[in-house]
Amino acid sequence: MDALRAGALLLGIVLHSLLPFVPELPWLIEDARKTELAWPVVFWIHLFRMALFMMLAGYFGRLVLLRRGTRSYLRDRLVRIGLPFVAFWPFAVGTLGLLVYLGATWRGVTLPQAPPPPEGTPAALAAFPPGQLWFLVVLLQLVLVTVVVRAIALALFGPARATRWAGAVGAVLARPAGLLLAALPYALALVVQGTAIGGIIAPPTVLPEPVSLLAYGGAFAVGWFLQANDGAIDRAGRRWGALLAVATALSVAAFVFASAPVDQVWPAVLTGLAAWAWIYALLGVAARVITRPVPWIRYLADASYWMYLVHLPLLVAIAIPLADLPWPIVVKLLLTWVVATVVMLLSYDLMVRSTWIGAWLNGRRSPRVVRRAPDRSSSARS
């Protein structure tokens, strides 16, 4: 499950690296070369990755709460979700405006215009948008809502009955038809949003947004209830081969019909079902492929949080000198991925993994992979 959660974050890095090449899509840095192939890949990644992440957050969240208690769970989420948002925002989001300005000035192009905030947004909130860290804000909101709802359910129905009902919901979600129930909040959120193009639109401020809370709250709840029933999460993805076929077909249909008028519900239904078909399929694929601990997957899973927190300024900085070069897009992407990955993994290994930052972000320190060079003076004296 950790590998899937890491995969959702790493796919976000891939998605952001593709955006400069999407035709007619305003972005922080636009490459001189475009390709129609970029948008379908971006659409596919955005379709399911954050719902998958939130579902797994709900699954692990219930596990942590039952092991440690509500207070410890809240404290842990505040330390590992709330504080990273505050601490990393100045670099991860705050530097983007400067990079965009420097890039546009160096290239001699017009500055891209940021979308205006919703009408009535306080100036202070508009000046500090969550940017690509919005998911931390939404996740923290979902944690708080879940703790409150759980406390009410326990008070009204008692622990035994509430636990039994949660397990029953998890059993329903694990059945083949459970995918329909899981997809319902996502589809409803798209209807409320008014468009299915690009999936769920990220909230522009740190204030709670009905669309995000509905779509990702539903995903969080699915993970929560699957954890309440032993083996449910394994049963949910058992028919992974058929689910992959269904997910592919639904994704093609969702992509073709996503721009249909907002008064038609079926594009939202197609998109919601496609997203959750991928999520259920990937649960099965992960269970089948990763049958034992794999060191490099464990390492990437540990590094993925840091990588996502720091990736976007790095991607923009790499994209600026490449933007006007007449190189093939594949070459630019490969160069971007290689350079960014090396920088992110080296910085993680040298600065994070075995330090207090690693303990903060991952909950523990782990040994470095890149070893320090031996002290030659000490060796000579010995």
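Any Cβ shown, glycine's included, is placed from N, Cα and C.
Whatever TrEMBL says is automated annotation, not expert-curated.
Marked as domain 'Acyltransferase 3' by TrEMBL: 1-346. As annotated by TrEMBL, transmembrane segment applies to 7-29, 41-60, 81-102, 133-157, 178-201, 213-233, 240-260, 266-291, 303-323, 329-348.
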Leading stretch by Cβ pairs under 8 Å, where the reference is the transmembrane segment (213-233) and the options are 7-29, 41-60, 178-201: 41-60
Intrachain neighbours beyond the transmembrane segment (303-323), with Cβ under 8 angstroms and 6 or more residues off its ends: 5-7, 9-10, 12-13, 16-17, 20, 28-32, 84, 88, 91-93, 95-96, 99-100, 102-103, 106-107, 131-133, 332, 335-336, 339-340, 343-345, 347-349, 352-353, 357, 361-362
Stretch-level contact, the transmembrane segment (41-60) and the transmembrane segment (266-291), CB cutoff 8 A, at least 3 pairs: yes
Contact between the transmembrane segment (329-348) and the transmembrane segment (178-201) (3 or more Cβ pairs under 8 Å, separation 6+): no
PLDDT averaged over every residue in the domain 'Acyltransferase 3' (1-346): 92
